[in-house]
Amino acid sequence: MSQQRTLNNTIRATGVGLHSGNKIHITLRPAPVNHGIVFRRVDLDPVVEIPASGDLVTEVILCTGLTRNGAKVQTVEHLMSAFAGLGIDNAIVDLSSAELPIMDGSSAPFVFLLQSAGILEQNAAKRFIRIKRSVEVRQGDKVAKFSPYDGYKLGFTIEFDHPMIPHKQSYYEMEFSTAAYIKEISLARTFGFMHDLEDMRERNLGLGGSMDNAILLDDFRVLNEDGLRYGNEFVRHKILDAIGDLYLIGGPILGAYEAFKSGHALNNKLVRAVLADETSWEWISFPSPAAEQPPVVYTHPACI
C-alpha cells in the first residue's frame, strides 16, 4: 500500500525573503488525511488559509505565488518541491509574511527540516494523478508537455548564451524517486545574472538576494567563491522548480514531463491545461499490499 504522508512533529525555522529582504518565520505542522498542503498567513487577522493549488497561482514572474481572499504567499516552489520529493501529501505551513524564506536558494534546507520533523505514514492510500494522454502548452519558443508514462520522469532543456552554461550542460533528465530527488536535485540553487539583479533592485525586488542564497553570474563566470554544487546545477535547479510548480496540480504525478526553456508561467499553464481536460488524467491509488505497486519509489520514512 502506498500511503499518504504528513509530518510526525511540528518544526520551525527562520530565514530571509528573497524579494522583500525581510526576516520570515515559518512553521511546518502535521495535517490530517486528505487535507493537502495549506499555507496560512498567521500575520493577518483573521488568519487566511491558502491551499497549494494551481488554480490559485497569480504570480509567475521570478517565483510562483498564490492568492486567496486578497492574501498572497510567494516563492512557494522550493518548499513544494521538497514536499513532492519526500512524498508529503498533507501539511500546514504557517508564515509570518507574504513570502517564504529563500534559505540557501535550493530545497535542501526544507528537505532537512522535513527529515528533522520526521515523516508519518497515514492510514489512507496516496492518490496519484495519472496522465492518460499528452497535453502540451507553448509560449513563443518555450514548451512544456506531459505524456503518459509508467512512473514519473522529468526532462528539461535550458538555453542561455553564457560560457558557464554550455550546450552540453543544458539538458538533464531524471527518473523521479525520493533518493534521486535528494541526491540529484535538492542541492541545486536558484541562479541569476548580475545585470538582472541590478534591474530587480531598482524595482525593489531581490532585496534579500545574495551569494548566500543564489548562484550569481556576470557576463563570463560564476561569482560565488565556492563555485557550483553540480556541473549542470542550472538545469537541475529548473527541474527542482518544475517539481514544485507541478505539485500544485493537487497530488503526486504519474507521467513524463518534458520542457524546453519553461518557467513558472508555463509550468502553471500546463497544470491548468491538464486539470481543464478531464480526459487527459485520472486519480489512481494503490491501496492493497497485494495489489499493483506504484511505479514511483518513495523511501520508507525510517530511512529518509
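Heads up, the Cβ atoms here are built off N, Cα and C, so glycines get one too.
Fair warning: this is a prediction, and the values are worked out from it, not measured in the lab.
For the Zn(2+) site, Swiss-Prot records H237, D241, and the single candidate of H78, H162, H167, H300 listed with them is H78.
H78 (Zn(2+) binding site) and H264 (active site, proton donor) have their C-alpha atoms 12 Å apart, to the nearest angstrom. The recorded positions examined here are H78, H237, H264; by Cβ neighbour count within 10 Å, the least packed of them is H264. Those same-chain residues not listed among H78, H237, D241 yet with C-beta within 8 angstroms of the centroid of the Zn(2+) site C-beta atoms are E77, S81, G105, S106, S107, A188, R189, T190, K238, L240, G244. A sphere of 10 angstroms centred on the C-beta of D241 (Zn(2+) binding site) encloses 25 other C-beta atoms.
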